[in-house]
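What Swiss-Prot lists as coiled coil is 33-61. For 161-195, 215-302, the entry in Swiss-Prot reads region 'Disordered'. The feature phosphoserine is assigned by Swiss-Prot to Ser213, Ser216, Ser342. Positions annotated as compositional bias 'Pro residues' by Swiss-Prot: 232-248. Taken from Swiss-Prot, the feature domain 'SH3' covers 308-366.
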Amino acid sequence: MAELQQLQEFEIPTGREALRGNHSALLRVADYCEDNYVQATDKRKALEETMAFTTQALASVAYQVGNLAGHTLRMLDLQGAALRQVEARVSTLGQMVNMHMEKVARREIGTLATVQRLPPGQKVIAPENLPPLTPYCRRPLNFGCLDDIGHGIKDLSTQLSRTGTLSRKSIKAPATPASATLGRPPRIPEPVHLPVVPDGRLSAASSAFSLASAGSAEGVGGAPTPKGQAAPPAPPLPSSLDPPPPPAAVEVFQRPPTLEELSPPPPDEELPLPLDLPPPPPLDGDELGLPPPPPGFGPDEPSWVPASYLEKVVTLYPYTSQKDNELSFSEGTVICVTRRYSDGWCEGVSSEGTGFFPGNYVEPSC
């Protein structure tokens, strides 16, 4: 720092003053050399003396300029070093300020994280004036207050209590062997008011029908006889006497079906059973050995059509052969395909000759 101060206050100003003094001295030397050269009789000697003064003056000026430039560069270096020192001090001060701020922040965070002990006191404070309580009043329950809410349903308890049985629409008759027949549904008799036939007056057919009807009615109804109604008596065993005609009082009820109605209808004699069908006639040996004739083969085929080929095709686009073994054709030409290859090419015969052609140029002939 002292060196920088010495350069700024002494060395550089002295060098500048020396340059100003040399400037005035060089002007006087120039005037002297000019007068001496004009007044001298020996011009050559005067010229040599002038050259010597000039060389000395230039050397003196160069030395002073170099000395001043060196002092100036030295001053700039010292100022740069001082500036770097100041910058380092400022950076250090900034780091110290940041450290101080971080310490303060940590201290504040520590104060927030400390356990705060509240002074002990009464936590629950009872109110000074309690609200008045409503006196209890018993009210009867209203069980019909929600009757108008929701979807209503029909109450069937009264109807069920009247009839004592389920409705006929909800009854599904099971397929029992006693009542089921082939081709016609079982007949369900009335559940009440069954006619009573005198003993010994029931034939085998009516006895069988009564047993079947009673079994089907019990299986279909699925419910026992209601209280207060007596079950009809069981029919007696059939006798050898012929059944009498039904009395007049029974005419109001439906006539029970006979045995012919309960029995399944006889099979149609015109239609034979599947087991009685005659076996098909054997095929001839010629039909089994010969393959089907090729499509489109007939006596009116042109002469160029081969004896056997795969199919006939019609060209969609014209094609010109690129090789000697290829076919050339125009649009609408008929070709008999004799062989197909996996690469899409086909071999066939046309009216022009035999050769190969692309398979995507043709379509099957109708």
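Yeah, the Cβs are placed from backbone N, Cα and C, and that goes for glycine too.
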Tell me whether Ser342 (phosphoserine) sits in a helix, a strand or coil according to DSSP.
coil
Looking at the domain 'SH3' (308-366) alone, can you tell me the average pLDDT?
92
Where DSSP helix means H, G or I and strand means E or B, what are the helix, strand and coil counts for the domain 'SH3' (308-366)?
3 helix, 30 strand, 26 coil
